[in-house]
Amino acid sequence: MQPEAHAKAALEVAVLVSIGRHPLTGRARRADQDARGVELAMSLDKARITLMHAGALDDDSESALRGYLGMGFQTLTLVEQPRDADVIPALASALSETKPQLVISGERAEQGEGSGLLPYLLAERLGWPVVSGLASVEKVEDGVATLLQALPRGQRRRLQVRLPAIVTVDAAASAARQSAYGPARRGELRCTEALAVPDEASSEWTVQPARKRPKRLKIVKAASARDRFKAAAAKAEGGGGQVLTDVTPEQGAEAIFKLLKEEGVLR
Amino acid sequence: MLDSILPVLIFSALALAVIGAWRRVRLWRQGRSSPVPILKGLAAMPRRYLVDLHHVVGRDKVMSNTHVATAGGFVLAAVLMILVHGLGLAQGVLGWVLLAASACMFVGSLFVARRRRNPPARLSKGPWMRLPKSLMAFSLSVFLITLPTVGILPEDFGSWILAVALAAVLVWGLGEMFFGMTWGGPMKHAFAGALHLAFHRRAERFGGGRSTGLKALNLDDPKSSLGVETPSDFTWNQLLGFDACVQCGRCEAMCPAFAAGQPLNPKKLIQDMVVGMAGGSDANYAGSPYPDRPVGEHHGNPHGPIVAREGKALVDAETLWSCTTCRACVEECPMMIEHVDAIVDMRRFLTLEHGNTPNKGAEVLDNLIATDNPGGFDPGSRMHWAADLNLPLMRDVKQADVLLWLGDGVFDMRNQRTLRALVKVLRGAGIDFAVLGNEERDSGDVARRLGDEATFQSLAKRNIATLSQYRFQRIVTCDPHSFHVLKNEYGELDGHYEVFHHSTYIAELYEAGRLHFKPWKGGTVTYHDPCYLGRYNGEYEAPRNVLRALGIEVAEMARSGYRSRCCGGGGGAPITDIPGKQRIPDMRMNDVKETGADLVAVGCPQCTAMLEGVVDATAEIRDIAELVADALVTESDPHTQPTAEARIAIKEVAS
């Protein structure tokens, strides 16, 4: 057992962490999903964890980044980027330099674009597989990770992926541990210079606060608590849908357009 | 023959005692530095002992008299024995006084022995059980060896066998009283206790003063440690204080967590700190253990962790998190040991370094950081409860006589009733008041008591900055926790205010004739003293005066006033929620039931919440403000003295 453990090198894990934003007060904080990603990394056996953030350093972002350090880390790698930069090239080059086997990130950022595309664009650039919505990493053996992916309604799917890979976590992963003030204060933000590529696409956008989206009411006519519970726990019934195969993009778009009309999303 | 060996015996016992004292002092000096005036403290010590300490001991008259006889007799006998038998100064009355002193001590030790025949559970057994015998051995042998000295018995009375026997008993007595005093026997309490009184870190407590605010951590210095990790992280006079414990168990008898079967016993905790200071295991502890935690499984050393991250060390984290910080133990301790300070010091380390605040602790602290209130509510919704009250905001009026501090109860529908009542009372008395509204934040009480000093100081500093923008005479609040923190703990951060609990303020308004009440028509009423109003701030009378003014005769509970039992809601205890055998508020409502009261008057949102959470309670729970508001007789003619509502109505018409 011992010699084997010796032979097996530590698993290099990089967790991409972003500056979160509290939904009520808008204060900077450690982002919930990213913190869950850090927690996931900390649950891995023999992992050498690097925290990585690409962005600008100011008072707010520093306190948020120190929130991750407070989970028990001595350093955090800060890839310095101006505010309007596209961080993907910088992150990709930083990752290809440090060569982690597993990269963990949250599903989407709590502020900024928050498109959730970063892991995919990063994976495309690095040529790595990406797995989304992880609940846990069960084991890593011989460069293959066994992952548990969270599906709706508490379902889980076991997947195997060859490393290196990028995985993302959402609210299904276990909650992050408390961030302690002492280690957060002591931790070091290790700044690294990186090429800044301005995000040209976003400079042309206009940004406005999001409107609250309407939520479809699920009307349950239930006479008893049992019925209500069944309705709440029932799987979505896919009775009305249709599967389109071998259709042209136009036909597909047509079908989607028709459905949106029917559902009242487009008027 | 005795004449020749007595000086040898006495001076060798004294020499051993001095060596022991030096070793003991070295144990205390392992702690961090804490500047105290040494000479001034030593000079004040006799008075602190005779007045302040005996004020607490005197709550039990028999024990108090026993202690006066035994301790007084011992001190006098010991000094005279050294003079008479050690130095041979037997002339005149000295021998006779020595006889009287040892006789007095013997009588005292008889009472000690009587108490030890069927000792209550709170007393420690073990070596303490031999103490009355040792006291008798000392006093009796000193008495007997003095008889020939004063000439009652001839010098050569009895045989050498008798002399040897007497010398043997004296060795026992000297061993316990001199050697044991500094080498860790039961008499250690006298040596450590005297010095503890001299070098107490809260000298303000002596001479009738009060010092209850927690001491701030220095967060600006990155090298200063955050709380207490190992016994040597305590200050040296805290370690000395632990060593002074006499294991009388009065704290244990008063501790609500112990009574509820949670794993805390203040006496055991202090003894564990002594074990940690000296190094070793708690196996020799001879008192009641922490409920459900057997003795002998924990061990520690001066530089080892008190709470292990995993496994067992000196104490379990649950022990520290069971405390409600109600201060009943501190109030009761005849040695004036500061249990709550020690517990919060250790909690600070667990929260600030381990990041291990149990149960909802982490969530509450995160909420406090992100939203300035423990519930995580939108700070912009603080004033929603008062949407119809047109409360004047400090931001608009800039100054007012009274700043009404609302507290986090604004988010709690039950406390909103109390707040509405209080507003009605203030308006009824025509008070010029204003609120901070959304500018108010949590006072930091819960954060501080959960050990998160950083969040406390952040909240406190921002509150102080907000308060400094406005002019007001005094702060009035219906939350004793905010009251205590604003009054006693903001001072260290340069926030000095005159703060009133609403009961005190209402009592003053009534005294001044600004409030008039209808006669009370309800049933029997009892009053529950909130810890943070009573024990922390000494306000026992004002709430009772208000109730009296309402025409209510308070049916007091067995435990009221300074002995009031905690509701279980303080110190973040409902947040950390350490399981026990029963709930503290249930026990308190049983106390209420025993008085046969139909209604409990309270003066704290936390007490209201805890006591109202009791199922099948026999009494209703009402805040004093609600009782006052219900009984309020408003001026019959609103034009002579317009209330604030009337003023606003006029304004609306005019515009």
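Glycine too: its Cβ is placed from the backbone N, Cα and C atoms.
No curator has checked TrEMBL annotations; they are predicted automatically.
The transmembrane segment annotation in TrEMBL covers B:6-22 (among others).
Listed by sequence, the residues of this chain that lie at least six past the ends of the transmembrane segment (B:68-87) yet keep a Cβ under 8 A from its Cβ atoms are 6-7, 10-11, 14, 54, 94-95, 97-98, 101-109, 111-112, 135, 138-139, 142, 145-146, 149, 177-178, 190. Residues or ranges marked as transmembrane segment by TrEMBL: B:68-87 (among others).
Annotated transmembrane segment per TrEMBL: B:93-113 (among others), in sequence order. Long-range contacts of the transmembrane segment (B:93-113) within its own chain (CB-CB distance under 8 A, at least 6 residues past either end) are made by residues 62, 65-74, 76-77, 80-81, 83-84, 131-133, 135-136, 138-140, 142-143, 146-147, 149-150.
The transmembrane segment feature in TrEMBL is assigned to B:134-153 (among others).
Per TrEMBL, the feature transmembrane segment maps to B:159-179 (among others).
Feature annotation from TrEMBL assigns domain '4Fe-4S ferredoxin-type' to B:236-266 (among others). In terms of DSSP helix, strand and coil, the domain '4Fe-4S ferredoxin-type' (B:236-266) has 18 helix, 0 strand, 13 coil.
Annotated domain '4Fe-4S ferredoxin-type' per TrEMBL: B:311-342 (among others), in sequence order. Long-range contacts of the domain '4Fe-4S ferredoxin-type' (B:311-342) within its own chain (CB-CB distance under 8 A, at least 6 residues past either end) are made by residues 52-53, 56-57, 189, 193, 196-197, 200-202, 205, 212, 214-215, 228, 231, 234, 238, 241-242, 244-246, 248, 250-257, 262-264, 266, 269-270, 272-273, 275-276, 282, 290, 293, 297-300, 304-305, 350, 356-358, 361, 449, 531, 535-536, 562-566, 568-571, 573, 576, 578, 580, 584.
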